[in-house]
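Trainee: Once you've had a glance at the structure underneath, I'll fire off some questions.
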Amino acid sequence: MTAEAPPLGELEAVRPYPDRTGPKGNLVYKLITTTDHKMIGIMYTVTCFAFFFIGGLMALLMRTELAAPGLQFLSNEQFNQLFTMHGTIMLLLYATPVVFGFANLVLPLQIGAPDVAFPRLNAFSFWLFLFGGLIAASGFIVPGGAADFGWTAYTPLSDAVHSPGAGGDLWITGLIVAGLGTILGAVNMITTVVCMRAPGMTMFRMPIFTWNILVTSILILIAFPILTAALFGLAADRHLGAHVYDAANGGVLLWQHLFWFFGHPEVYIIALPFFGIITEIIPVFARKPVFGYTTLVYATLSIAALSVAVWAHHMFATGAVLLPFFSFMTYLIAVPTGIKFFNWIGTMWKGQLTFETPMLFCVGFLLTFLLGGLTGVMLASPPLDFHVTDTYFVVAHFHYVLFGTIVFATFAGVYFWFPKMTGRLLDERLGKLHFWLTFIGFHTTFLVQHWLGDLGMPRRYADYLPSDGFQPYNVASTVGAFILGASMFPFVWNVFKSWRYGEVVTVDDPWGYGNSLEWATSCPPPRHNFTELPRIRSERPAFELHYPHMVERLRAEAHVGRAHGPADKDVTRLDDVQVRS
């Protein structure tokens, strides 16, 4: 007797949910051995937040020290170690790897791929980052303490004569190891985007976030090998007497050129992905397609190209760079960034806006990053830069740009994609409390630092005189820093509570208006992401899947990648026929 196969229409792929859990303690084994991009993305993100909180505690210690002159509960040496490791952790152990956290979580889903191109290399990249970060931070437990020469490690301050001890060596070694993980992660993301897009997913149908990760990964391959080589040279100087960075040979300026040729593309390496996150979120809460898709892509490419031509604006005060060229290029890079602002505002214009927590953080990003960008244009002028270089004006600018971009957009992304990754919703009331504490605390901390810099307070000083007149501003800044620190408590509680007890998501798209493919699969997705893929005929496949009655109107309005006009009304494109249904 033979069994008769059921009719084709009755077949349905069903996910066995929930997953089998295994014995107690199995989670640790799964974390160590996993190659699932979603789990690796969560591991990246959780690890980055751990580093973020450690770096934030260091900042609170420094702000407490600066609240009043003569306080000195930290020694000068401890203060130097804190600002060095604060900058290192925030930039290289939080901001850069959290890019790969979001890329792992979202990018394969957005292009319809079952995983990244090299899953084991992906896991290897994470472990390199983790152990590299631990090596760099372990300087605090060795005799002599951690690295204390600033996160920029200017020579000769960072050589063996001026900064002896294991802390500097651990810092160099840790950044080499973590940087290798970043380089391998970039190779993986480029290969994934180029080789693993779903049928119908042309380059100009990719989500903007995917575009930005692709461009960021290319920038990483340009910038990070230079940092790695420069660090190897510094290690050779410290241990082999290589004299690469000897002042007599022009080595001091050589280090600055090498470091900043990495350092300025690095600013955009940690900005572009978060521009992408903002570009994914705003259309969903404006109930509109993204305005100016093509110009956003070209603006991203322009920023990437210009980012490798402006590094010496960090070196205006050396008197050894061509001021007009680097000043002009720095002004120029504001143009594509302004285009992005124009598109974000255009997306919201006349939209049906609602202000859930992800959208609130997007608005916070827009305001904060705009102010930071304006002070950046001011610093692009050499006469102004000469006045405020190495003062708290630069510190304020730097934090407005980077906190405004990275932290606000990180929180926006966490609140936006948390339901997709966990199958549960975060608490909106706690989310709004978190936003307002973060927004108020940040601006209270850093707005007054512009005035401190204009008054002449130098950065990296552990104390100042009562007669300097800096104390009122420093008190305000310290109060803001503690508000900012307090804002993390509702966030951590929200994540913990919601992950275990939050409202369960029963639909593919809990926000209702998602555009890209991650909103066309379950929450959380199955191991290989999709049981079936919708047709990809525009840059909004999930929206068209959920609102098929809108497709004809969208075609008539001629969105990106579509032929339009009366003559094309009945034309069926070849790639529409070939995509799987």
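The backbone N, Cα and C atoms fix where each Cβ goes, glycine too.
As listed in Swiss-Prot for this protein:
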BINDING   His86, His399  Fe(II)-heme a binding site
BINDING   His264, Tyr268, His313, His314  Cu cation binding site
BINDING   His397  heme a3 binding site
TRANSMEM  40-60  transmembrane segment
TRANSMEM  89-109  transmembrane segment
TRANSMEM  123-143  transmembrane segment
TRANSMEM  170-190  transmembrane segment
TRANSMEM  213-233  transmembrane segment
TRANSMEM  258-278  transmembrane segment
TRANSMEM  290-310  transmembrane segment
TRANSMEM  315-335  transmembrane segment
TRANSMEM  359-379  transmembrane segment
TRANSMEM  398-418  transmembrane segment
TRANSMEM  433-453  transmembrane segment
TRANSMEM  476-496  transmembrane segment
Trainee: If you draw a 10 Å sphere on the Cβ of Tyr268 (Cu cation binding site), how many other Cβ atoms land inside?
Mentor: 25
Trainee: Going through 123-143, 170-190, 213-233, 290-310, 433-453 one by one, which has the most CB pairs that fall under 8 Å from the transmembrane segment (258-278)?
Mentor: 213-233
Trainee: Run through the Cβ atoms and count how many others sit within 10 Å of the one on His86 (Fe(II)-heme a binding site).
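Mentor: The answer is 20.
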Trainee: Measuring Cα to Cα, how many Å separate His313 (Cu cation binding site) from His399 (Fe(II)-heme a binding site)?
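Mentor: Cα of His313 (Cu cation binding site) to Cα of His399 (Fe(II)-heme a binding site) measures 17 Å after rounding.
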Trainee: Near the transmembrane segment (213-233), which same-chain residues lie under 8 Å Cβ to Cβ, leaving out any that are not at least 6 residues past its ends?
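Mentor: For the transmembrane segment (213-233), the far contacts come to 99, 103, 107, 172, 175-176, 179-180, 182-183, 185-187, 189-190, 193, 206, 242, 244-245, 255, 258-259, 261-262, 265-266, 268-269, 272-273, 276, 300-301, 304, 307-308.
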Trainee: I'd like to know which of these binding-site residues, His313, His399, is least surrounded, judged by other CB atoms within 10 A.
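Mentor: Among the binding-site residues His313, His399, the lowest count of other Cβ atoms within 10 Å belongs to His399.
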Trainee: Any idea what the Cα distance is from His314 (Cu cation binding site) over to His86 (Fe(II)-heme a binding site), rounded to a whole Å?
Mentor: 20
Trainee: Residues with Cβ closer than 8 Å to the Cβ of the residue listed as 'heme a3 binding site', same chain and 6+ apart in sequence?
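Mentor: Set apart from the residue listed as 'heme a3 binding site' by at least 6 residues yet with Cβ under 8 Å, we have Gly372, Thr375, Gly376, Leu379, His450.
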